[in-house]
Amino acid sequence: MENSEGVKIESTVVTEEPLISALDIALFVVIITVAYFWYFKRDKQSSSSEKKPYTIQPSSLSSIEQTSNSSFIKKLKSTGRSLVVFYGSQTGTAEEFAGRIAKEGARHKMKGMVADPEECDMADLVEMKEIQKSLAIFCIATYGEGDPTDNAMDFYEWLQNGDADLEGLNYAVFGLGNKTYEHYNEIAIYIDQRLEELGATRVHEIGLGDDDANIEDDFVSWKEKLWESVCSHYGIEETGEESNIRQYKLVDCSEVLPERIFSGEISRLKSYENQRFPFDVKNPYLSKIAVNRELHKSGDRSCMHIEFDIDGSKMRYDTGDHVAVYPKNSSELVDKIGELLNADLDAVFSLLNTDEESSKKHPFPCPCTYRTALTYYLDITSNPRTHIMKELIEYASDPKDQEKLKLMASSTPEGKKEFHEWILRDNRNIVHILEDLPSVKPDLDHLCELLPRLQCRYYSISSSPKVYPKSIHITAVLVNYTTSTNRVNKGVATNLLAQLIPTNDELPQPTIPIYIRRSQFRLPPKSQTPIIMIGPGTGLAPFRGFIQERDYARKEGREIGEMVLYFGCRKKDEDFIYENELQEYVANRTLTKLHLAFSRDQPEKKYVTHLLEQNADELWNIIGEKSGHLYVCGDARSMAKDVHSIIVKVVMEKGQMTNSQALNYVKKMEQQKRYSADVWS
């Protein structure tokens with residue numbers, strides 16, 4: 001067919017089709033399905049995201065609550081308080097002192113509260129000036145080699161790195177230290193000076209408590225003068241004699257279900273039945289005792305080698321670290337308290353803080369039985385402090401007992417003398433006091449409030465994780481001694497450990513709660529660096545781990561530096577611990593030299609310090625000419641001090657330095673971690 005222009009046109013037949021085909025319908029369904037899926041999935045994710053901090057991640061909620069509760073300023077303002085007492089505590093003593101100061105604030109028209117710096121936003125100190133006649137007091141312990149306690153670490157670093165304007169902040173500081181340590185009260189002294197540098201006003205001079213002497217006496221003397229300064233500074237007067245106001249109230253929990261009652265757990269209920277990593281001071285690991293053997297060959301003393309099984313715990317340690325062991329009091333002493341006070345030790349109770357704003361609701365995990373509290377949570381073997389004497393007065397029915405307690409609770413010279421002789425020298429604990437003052441019958445719940453918390457015991461780890469990754473070894477001397485009143489006092493932890501003997505049968509193995517505490521007591525980074533180790537008695541413990549680690553490196557084909565060990569004990573045939581191991585390390589040349597001092601194997605006593613004086617050339621060769629490292633472990637009161645003096649003398653003589661230059665040289669060694677000490681008093 002052509003049109004008028006001659007163009008050919010193709011003719012097609014067109015048939016009618018529906019407006020929406022089957023394919024269109026299929027595509028439409030797919031699109032709707034995808035859209036529906038995308039929309040509702042997004043909505044679900046959005047909803048999930050919104051609820052996440054509250055339901056899916058409860059830890060976030062804890063974080064939010066902690067943040068909202070971290071402002072101590074808000075608590076002070078909302079409760080009409082003007083006094084806050086912060087504590088830096090490793091063993092609980094600083095916390096106890098802080099509580100006593102806060103309690104006494106009421107006598108001076110200053111309502112107080114106790115605060116843990118770890119749980120507070122310490123930057124809020126700049127706002128203390130907004131509170132009329134406010135005062136911040138710091139009870140701060142120095143721990144280890146001049147370190148802050150764990151809970152004061154963040155505050156210490158904030159002071160070091162910050163430059164907050166603290167003008168208007170009124171403060172006072174009491175330090176808890178030990179003069180046998182080189183860095184005596186170093187943290188408290190730093191905080192006292194740093195607060196002044198930042199513009200704060202010191203209301204009273206710093207107090208320095210010495211735990212090697214009588215820290216209770218130091219604290220009481222400082223506290224009395226503190227309140228005199230406070231009254232003078234603020235122009236206030238005491239309201240009168242201090243009254244014994246209870247901080248906690250007794251709650252009867254006899255109706256509480258058994259599964260809600262604590263039975264010795266440190267923090268979380270049923271934590272020993274349902275163990276959760278990570279393990280720390282508030283969440284210890286329940287470890288099996290794998291080995292418990294005697295190290296002494298003879299004699300009437302005992303030294304135990306104990307191995308804790310940590311297989312499957314995910315816990316890791318480094319050579320030189322410490323392990324904390326949670327002990328429990330003997331059932332004999334616990335039962336004695338029940339008998340003396342005619343109390344039902346199996347009654348379930350709780351102590352609830354009368355201060356509703358306090359973050360510390362209970363003095364220990366509650367509810368529990370009195371037996372549990374006295375066994376796991378309260379220290380019933382240490383010497384009670386004077387404030388406990390004061391609180392016991394009202395429970396004495398005999399005037400003579402009452403007068404004796406009043407005298408020991410006083411700060412008079414006669415009172416201090418009586419307290420020192422009757423409590424400290426005679427080494428009386430609360431059980432002995434109740435026995436010797438029979439008319440004193442305190443309410444058991446009040447006694448539980450007064451007694452300090454039972455603390456974990458720390459031991460130097462005597463193994464290397466390279467050799468023993470699944471176990472932790474310790475070396476512990478059994479503590480037993482007779483007091484002047486002919487009573488036998490026993491070490492809480494070591495006497496418990498002595499009873500935990502693993503068996504070879506299918507019975508459950510004995511267990512004990514532990515956790516690992518990091519240490520700065522470390523081998524040099526390079527295995528070639530020569531080292532000198534000085535560790536008499538159980539001071540050998542960490543060096544056993546050092547030697548194991550170097551021996552492991554040697555067996556791997558790595559070069560290791562000289563290792564010189566100074567070890568001393570009483571008699572070679574009695575208490576030369578790990579003798580075979582040490583001789584084997586000498587034979588394979590891992591241990592270059594082993595200097596031994598047996599103090600009682602000859603007429604004149606011979607100690608490791610005598611050997612050090614004889615080997616001045618060897619000492620200087622390693623620490624002076626070869627820049628080696630020197631380590632000391634053991635008694636801080638005498639041995640460590642004597643070693644330090646000898647090292648300074650060696651540096652003077654062999655390094656041809658003056659006394660001042662030698663002291664600076666040794667100080668530099670300490671700063672470079674070339675001179676390290678792991679000591680105890």
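Just so you know, the numbers here start at 1 and follow the chain as drawn.
Including glycine, each Cβ sits where the backbone N, Cα and C put it.
As recorded in TrEMBL, the features of this protein are as follows:
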type: TRANSMEM; residues: 20-39; note: transmembrane segment
type: DOMAIN; residues: 83-227; note: domain 'Flavodoxin-like'
type: BINDING; residues: 89-94, 141-144, 176-185, Asp211; note: FMN binding site
type: DOMAIN; residues: 282-524; note: domain 'FAD-binding FR-type'
type: BINDING; residues: Arg301, Thr538, Ser599, Arg600, Lys605, Lys606, Tyr607, Val608, Thr609, Asp642; note: NADP(+) binding site
type: BINDING; residues: Arg457, Tyr458, Tyr459, Ser460, Thr475, Ala476, Val477, Tyr481, Gly491, Val492, Ala493, Thr494, Trp680; note: FAD binding site
List only the single closest residue to Ser599 (NADP(+) binding site), chosen from the binding-site residues Gly92, Gly144, Thr475, Gly491 by CA-CA distance.
Thr475
Could you tell me the mean pLDDT the prediction assigns to the domain 'Flavodoxin-like' (83-227)?
94
Rounded to a whole angstrom, what is the C-alpha distance between Tyr607 (NADP(+) binding site) and Trp680 (FAD binding site)?
18
Return only the integer: C-alpha distance in Å from Trp680 (FAD binding site) to Tyr184 (FMN binding site).
13
Return the single residue from the binding-site residues list (Ser89, Thr475, Ser599, Thr609) that has the minimum number of other CB atoms within 10 Å.
Ser599
How far is it from Tyr459 (FAD binding site) to Gly144 (FMN binding site), counting Cα to Cα, in Å?
13
Same chain, 6+ residues apart, C-beta under 8 Å of the C-beta of Tyr181 (FMN binding site), given in sequence order:
Thr142, Glu145, Gly146, Ala636, Val679, Ser681
Going by Cα-Cα distance, pick out whichever of the binding-site residues Thr475, Val477, Gly491, Thr609 is nearest to Tyr184 (FMN binding site).
Thr609
Rank the binding-site residues Ala141, Val477 by the number of other Cβ atoms within 10 Å of each Cβ and report the first-ranked residue.
Ala141
